[in-house]
Amino acid sequence: MGARASVLSGGKLDKWEKIQLRPGGKKKYRLKHLVWASRELERFALNPNLLETVEGCRQIIRQLQPSLQTGSEELRSLFNTVATLYWVHQSIQVRDTKEALDKLEEEQNRTQQKTQQGKADKGVSQNYPIVQNLQGQMVHQALSPRTLNAWVKVIEEKAFSPEVIPMFSALSEGATPQDLNTMLNTVGGHQAAMQMLKDTINEEAAEWDRMHPVQAGPIPPGQIREPRGSDIAGTTSTLQEQITWMTSNPPIPVGEIYKRWIILGLNKIVRMYSPVSILDIRQGPKEPFRDYVDRFFRVLRAEQATQEVKNWMTETLLVQNANPDCRTILKALGSGATLEEMMTACQGVGGPGHKARVLAEAMSQVTNSAVMMQRGNFKGQRRIIKCFNCGKEGHLARNCRAPRKKGCWKCGKEGHQMKDCSERQANFLGKFWPLNKERPGNFLQNRPEPTAPPAESFGFGEKITPSLRQEMKDQEQGPPLTSLKSLFGSDPLSQ
């Protein structure tokens, strides 16, 4: 520990131990914080001996600062410790860690301003086609072959995909109409697309002439003429006129106007080269959500719509056209979820790991339900029990403490029990079952009588014996043949 604690000594160590960890807090820096910082530097593959000097602390700060946004709490604590130690080495008094960080930010801002001022003093930037020479005159600097080569390479590799438009905008920054025409003329193939671009430029030039008519009369001395549509397109204007328009006071940005026309035509070409509609972009069953989002926004860039419409497409169609697994997750996030939250939530959906996890969760729910049912914790619909003796709920009649009710528990009448009660027990004819054990009225009361004449009336059959004749006479004395007593018990014709 001795070697690690040798970072500070004497008066510097006393100043170190007077600095508070937090504004208004009681805890202060101690020697153990320097020991911890040395160990952390070794863990981050940095030399702990850098803590002993001002320049060493500055190098550590320069290494750790870019990682603060995504770093851990240990990394931030190490940065705060080194920043505080940086001011102790310079014998500059700070009260707490926050004051040390504020002073460090002020110092970095002053250094950055000096650097920018030094670059400005060296001369005008050479990144734009129109530059100022040593005599103070605005002159034109032609596009470099490197810029033209980059543009041609983009067209050859990407054809007219949506990313061509921002690439063209970046390469033509500050260009004159003559420079823009040079870039368009370097495109060898895709002549059909270039003809479409020329038609769009001619339409916009005609619209410009209609909105900006020529002033009547001669041009006053010392003034330049107003540019026409063909002048903006670079066909009827010279390079010097274009520079004059772009550098006059107030300036007429003919280069930016022409660039806007070209981008409008490129949008139409991109739309033609990307025939897929945003409505047709759907996520496959096993397609990762990240790849689906890439395809979605690639086609969205080619859509000819305002930014508000594109935002609506992103909020609605991105969720609607996802596969069922991702759509369930995205709807659970709500409508205010960011794209980062969506991609984080759907990461790994559709793969074998996700399917195994879903299956495990389903099996876990089934197992938990079975365990709860076995333990008697299943909360189903409880059956309400009611006492037939007192009429109250919560107990049965055999457990009732009230006096025993006489008679039937169902209808309240005496003379029969509840099992023999006919209350609300009617047959399908609407009549109650009789209390006696007779058959209901819709059943046969007795064996039906045959209505056919006797066999001897036809002159064939067995010989009639005296006993058989006596039996037939007894049957003739029975009820009339037209009686309905065989079917219904109370026949009015039999009375």
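Cβ atoms are placed via backbone N, Cα and C, with glycine included.
Keep in mind that what you see is a predicted model, and the values were worked out from it rather than measured.
Annotated N-myristoyl glycine per Swiss-Prot: Gly2, in sequence order, evidence recorded as similarity to another entry.
Mean per-residue pLDDT, taken over the region 'Interaction with Gp41' (7-31), amounts to 85. Swiss-Prot lists 7-31 with the feature region 'Interaction with Gp41'.
Within its own chain, the region 'Interaction with host CALM1' (8-43) has Cβ neighbours under 8 Å at 1, 50-51, 60, 74, 78, 81-82, 84-85, 88-89, 91, 93-100, counting only residues six or more beyond its boundaries. The region 'Interaction with host CALM1' feature in Swiss-Prot is assigned to 8-43; the stated evidence is similarity to another entry.
For the region 'Interaction with host AP3D1' (12-19), the DSSP counts in helix, strand and coil order read 5 helix, 0 strand, 3 coil. If you look up Swiss-Prot, you'll see 12-19 marked as region 'Interaction with host AP3D1'.
Sequence-distant contacts of the region 'Interaction with membrane phosphatidylinositol 4,5-bisphosphate' (73-77), counting only residues of its own chain at least 6 positions beyond either end whose CB sits under 8 Å from a CB of the stretch, comprise 40, 44, 64, 67. Swiss-Prot lists 73-77 with the feature region 'Interaction with membrane phosphatidylinositol 4,5-bisphosphate', giving similarity to another entry as the kind of evidence.
The region 'Disordered' annotation in Swiss-Prot covers 105-124 (among others).
Marked as region 'Interaction with host PPIA/CYPA and NUP153' by Swiss-Prot on the basis of similarity to another entry: 185-223.
Under 8 Å from some Cβ of the region 'PPIA/CYPA-binding loop' (213-221) lie the Cβ atoms of residues 228, all in the same chain and six or more residues away from its ends. The region 'PPIA/CYPA-binding loop' annotation in Swiss-Prot covers 213-221.
If you look up Swiss-Prot, you'll see 273-359 marked as region 'Dimerization/Multimerization of capsid protein p24'.
What Swiss-Prot lists as asymmetric dimethylarginine is Arg382 (among others), and the listing cites similarity to another entry.
Positions annotated as zinc finger by Swiss-Prot, on the basis of sequence analysis: 385-402 (among others).
Marked as asymmetric dimethylarginine by Swiss-Prot: Arg404 (among others). The local packing around Arg404 (asymmetric dimethylarginine), expressed as other Cβ atoms within 10 Å of its Cβ over all shown chains, amounts to 8.
Feature annotation from Swiss-Prot assigns zinc finger to 406-423 (among others); the stated evidence is sequence analysis.
The annotation region 'Disordered' is assigned in Swiss-Prot to 439-495 (among others).
Residues annotated as motif 'PTAP/PSAP motif' in Swiss-Prot: 450-453.
Proximity of distant same-chain residues to the region 'Interaction with host PPIA/CYPA and NUP153' (185-223), defined by a Cβ-Cβ separation under 8 Å and at least 6 residues beyond the stretch ends, is recorded for 148, 151-152, 155, 159-160, 229-230, 232-233, 257-258, 261-262, 264-266, 268-269, 272-273. Reduced to three states, the DSSP call for Arg404 (asymmetric dimethylarginine) is coil. For the region 'Interaction with host CALM1' (8-43), residue counts in helix, strand and coil come to 19 helix, 2 strand, 15 coil, using DSSP. Taking DSSP states H, G and I as helix and E and B as strand, the region 'Dimerization/Multimerization of capsid protein p24' (273-359) has 56 helix, 0 strand, 31 coil. Break the region 'Interaction with host PPIA/CYPA and NUP153' (185-223) down by DSSP state and the numbers are 22 helix, 0 strand, 17 coil.
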